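Working notes for the structure below.
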Protein chains: 2
Amino acid sequence: MIRLTTTDPRFDADFAALVNARREADADVARDVQTIVRAVRDEGDAAVAAYTKRLDGHDLAETGWRIERADLLAAYEGLPLDLRAALELAAERIAAYHTKQIPADRDETDSVGVRLGARWRAVDAAGVYVPGGRAAYPSSVLMNALPAKAAGVERLVMVTPTPKGQVNPLVLAAAHLAGVDEVWRIGGAQAIAALAYGTARIKPVDVVTGPGNAWVAEAKRQLYGVVGIDMVAGPSEIVVIADGANDPDWIAADLLSQSEHDPTSQSILFTDDALFADAVADAVDRQIGELSTRDVSRQAWDANGAIVVVGTLDEALPLVDRLAPEHLEIACDADVAEGLFDRVRHAGSVFLGRHTPEAVGDYVAGPNHVLPTGRRARFSSGLSVLDFMKRTSFLACDATALAAIGPAAVALAEAEGLPAHARSVALRLGA
Amino acid sequence: MIRLTTTDPRFDADFAALVNARREADADVARDVQTIVRAVRDEGDAAVAAYTKRLDGHDLAETGWRIERADLLAAYEGLPLDLRAALELAAERIAAYHTKQIPADRDETDSVGVRLGARWRAVDAAGVYVPGGRAAYPSSVLMNALPAKAAGVERLVMVTPTPKGQVNPLVLAAAHLAGVDEVWRIGGAQAIAALAYGTARIKPVDVVTGPGNAWVAEAKRQLYGVVGIDMVAGPSEIVVIADGANDPDWIAADLLSQSEHDPTSQSILFTDDALFADAVADAVDRQIGELSTRDVSRQAWDANGAIVVVGTLDEALPLVDRLAPEHLEIACDADVAEGLFDRVRHAGSVFLGRHTPEAVGDYVAGPNHVLPTGRRARFSSGLSVLDFMKRTSFLACDATALAAIGPAAVALAEAEGLPAHARSVALRLGA
């Protein structure tokens with residue numbers, strides 16, 4: 001953990017280093033992924049099976065390619081009742097929030113008689129990647145699948161690697177609840193390529209979303225354009241702005257809720273109270289020892305944690321904008337939090353007040369937990385129904401409307417040296 | 001040009017070949033681009049100047065890095081009056097259409113007292129790439145720059161290569177009209193890298209849009225994530241659905257308005273009238289000879305043109321959806337066009353009725369002419385203000401609201417093995 005104070009003469013340099021620190025692996029996996037992607041494109045299922053055997057250690061001919069819907073239902077019915085109720089509450093709230101994101105169509109006729117509009121439709125099919133192993137989270141299944149269903153996607157496909165054939169029943173239960181239509185027991189770059197190009201067994205999809213390791217991320221990047229993808233995701237981050245009236249234990253827990261994800265996760269506190277900063281630092285150290293995730297949390301906090309003491313909380317705002325954090329908590333009285341939030345330019349998701357820990361947003365609040373990381377909140381947004389929809393613009397002129405705007409089109413087409421463009425308008429003008 | 005008839009026994013195979021034909025260059029430029037991008041990242045302006053000298057044939061120290069705003073104004077004032085009026089009409093209509101795209105913010109409190117919302121903001125800075133040479137179109141400047149300005153982008157940067165130092169006055173005039181803030185005399189992958197990483201002279205931007213050659217497209221793809229980008233663009237396409245009551249000359253001109261763009265452009269007519277098909281084919285051949293763009297038009301029509309005779313126009317719809325065309329004209333009586341359009345699933349932009357040639361949409365109608373190509377209308381949309389904005393979701397709970405939804409978050413966090421997540425909520429529940 002580093003501790004900075006804005007009045008320190010070295011502050012500017014130290015804070016710039018924090019902003020520019022690269023926590024993302026620069027893994028040179030591009031060539032491996034290119035080989036895998038081409039093999040799946042050219043050889044289909046045979047390549048998928050061969051990579052699954054080599055990388056996940058099981059033979060799809062034995063374990064089976066698909067996980068059947070009956071297995072999803074069985075996993076769901078096997079859940080303890082409290083967990084089932086929690087998943088159901090989460091699913092209900094996430095679906096409600098995302099359904100309201102569906103954009104309105106447009107259809108207007110302007111003053112010269114030109115009809116102008118835009119129409120939104122869901123993509124036909126979407127694929128959701130769900131990692132195996134440590135990062136196999138049922139909440140991720142809900143957060144990726146439910147926006148697709150809210151958008152109206154008719155065919156929702158899930159792919160998930162099952163190392164040595166093992167599946168995660170919580171993930172299958174969430175897939176049941178989210179209404180996933182097909183689940184394939186495959187992962188890695190080969191699964192992304194199979195979704196993008198399709199194989200004899202797996203029909204192609206139009207959009208692929210969901211988190212994954214460096215191979216999965218690189219495969220999505222290489223296949224961007226063949227399919228639509230969500231934003232590349234990096235290590236998780238939280239920034240907390242807190243005054244001295246908070247309980248240091250609460251804020252420490254919030255910081256650790258990111259640190260425990262991964263050794264590359266980052267947690268940063270901004271406070272205007274140096275004594276409170278001390279108290280939070282102590283509470284973090286004490287709480288880490290009590291966590292089953294203590295090793296990861298310790299590594300992440302030591303390497304990427306920071307506490308920044310500012311003169312006033314206002315002073316934190318331009319610094320926070322430079323970080324453009326995935327998650328931003330503003331733990332102050334409601335009116336103060338509101339005033340600060342008004343002036344935040346760049347953040348993926350914001351948590352206002354003393355009773356809104358970021359983790360409540362990870363699971364049950366409703367907004368998506370798939371959010372831009374690595375300063376990408378400067379230009380990108382959390383996952384939404386828009387990632388599973390596309391807009392068709394449209395236009396209709398009658399002879400009168402075309403007479404009003406057509407001559408300008410003819411002039412511009414001629415200036416650009418495109419005579420057939422000009423002619424297609426001019427003929428209709430009777431020219 | 002190929003001619004197909006749905007009743008032909010080979011139709012399915014022939015149409016599948018048309019759908020799957022690859023018109024995009026598979027140029028292996030990835031390694032070159034990686035070298036350029038890394039050089040610009042590491043050496044900044046010096047690398048930009050060296051590549052400009054080598055590839056564009058001029059020395060930036062002599063020609064100057066920037067094109068000044070006074071030069072933009074002078075270009076604008078030098079335009080013939082009719083052209084100036086045409087550009088102004090186009091700019092006004094494009095700005096009006098895109099301003100209405102600005103999405104509404106959300107701020108709601110649900111039945112258990114959880115406040116949920118989403119807030120849209122413009123990115124701080126955007127870069128627009130404008131190609132030099134044949135494809136330097138003032139209409140492209142308007143279509144990329146005006147949505148950024150409508151979104152509220154404060155710093156709008158244009159980059160455009162000026163081979164041997166030559167600039168295109170129409171492009172500069174359009175930049176003036178669109179309110180571009182900075183213009184740099186650079187192009188290629190080096191310009192994209194300069195915008196993404198920034199250099200000593202050029203401050204970085206958050207989003208880069210605009211068409212370009214294979215190097216520009218690959219640089220955007222490699223830098224996706226460092227900056228936001230618009231969709232990769234391929235060769236232009238038009239599909240026309242027309243009954244026999246159209247003037248064959250009008251429809252031929254519409255088909256040629258895509259063919260004249262590039263030898264890889266594609267134009268396809270669907271009609272239910274075989275004699276009309278003959279008449280359009282004849283009209284295309286006759287008109288080509290009259291165009292100054294005859295060589296390109298001839299190559300494109302011969303290689304990628306198609307006329308498909310269908311039994312009924314309804315029969316065309318599933319075929320059109322498989323093509324997911326960039327542009328779709330439905331040239332029929334208004335009610336028939338409307339009925340067909342209702343059932344179209346995949347198209348970038350649709351032009352309804354007999355008096356709406358696609359070219360009117362290229363210039364002055366208002367909707368964007370930057371549209372998904374190469375079947376990408378299955379999952380992506382035309383350029384819009386959304387490409388220059390991002391959404392911050394937000395959440396506020398008081399103690400009562402957290403008591404309602406918090407326990408489910410605790411249960412799910414524990415099930416996922418994330419104890420700090422659970423604790424950050426549980427502490428506030430008084431547990």
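For all residues, glycine too, the Cβ spot is worked out from N, Cα and C.
What TrEMBL says about this protein:
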type: BINDING; residues: A:Tyr129, A:Gln190, A:Asn213; note: NAD(+) binding site
type: BINDING; residues: A:Ser236, A:Gln258, A:His261, A:His327, A:Asp362, A:Glu416, A:His421; note: substrate binding site
type: BINDING; residues: A:Gln258, A:His261, A:Asp362, A:His421; note: Zn(2+) binding site
type: ACT_SITE; residues: A:Glu326; note: active site, proton acceptor
type: ACT_SITE; residues: A:His327; note: active site, proton acceptor
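Features recorded in TrEMBL, as mapped to the structure shown.
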residue: A:Tyr129; record: NAD(+) binding site; Cβ neighbours (10 Å): 28
residue: A:Gln190; record: NAD(+) binding site; Cβ neighbours (10 Å): 29
residue: A:Asn213; record: NAD(+) binding site; Cβ neighbours (10 Å): 18
residue: A:Gln258; record: substrate binding site; Cβ neighbours (10 Å): 31
residue: A:His261; record: substrate binding site; Cβ neighbours (10 Å): 24
residue: A:Glu326; record: active site, proton acceptor; Cβ neighbours (10 Å): 29
residue: A:His327; record: substrate binding site; Cβ neighbours (10 Å): 26
residue: A:Asp362; record: substrate binding site; Cβ neighbours (10 Å): 26
residue: A:Glu416; record: substrate binding site; Cβ neighbours (10 Å): 20
residue: A:His421; record: substrate binding site; Cβ neighbours (10 Å): 30
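Here the candidates are the binding-site residues A:Gln258, A:His261, A:Asp362, A:His421. The one whose C-alpha lies nearest to that of A:Gln190 (NAD(+) binding site) is A:His261. Checking the binding-site residues A:Tyr129, A:Ser236, A:Asp362, A:Glu416, A:His421 against chain B with a Cβ-Cβ cut-off under 8 Å leaves A:Asp362, A:Glu416, A:His421, in sequence order. Within 10 Å of the C-beta of A:Ser236 (substrate binding site) we count 25 further C-beta atoms, all protein chains included. The shortest Cα-Cα distance from A:His421 (substrate binding site) to any of the recorded positions (A:Tyr129, A:Asn213, A:Glu326) is found for A:Tyr129.
Across the structure, A:His261 (substrate binding site) and A:Glu326 (active site, proton acceptor) are spaced 14 Å apart at their Cα atoms. If you check the binding-site residues A:Tyr129, A:Ser236, A:Asp362, A:Glu416 against A:Glu326 (active site, proton acceptor), the ones with a Cα inside 10 Å of its Cα are A:Ser236.
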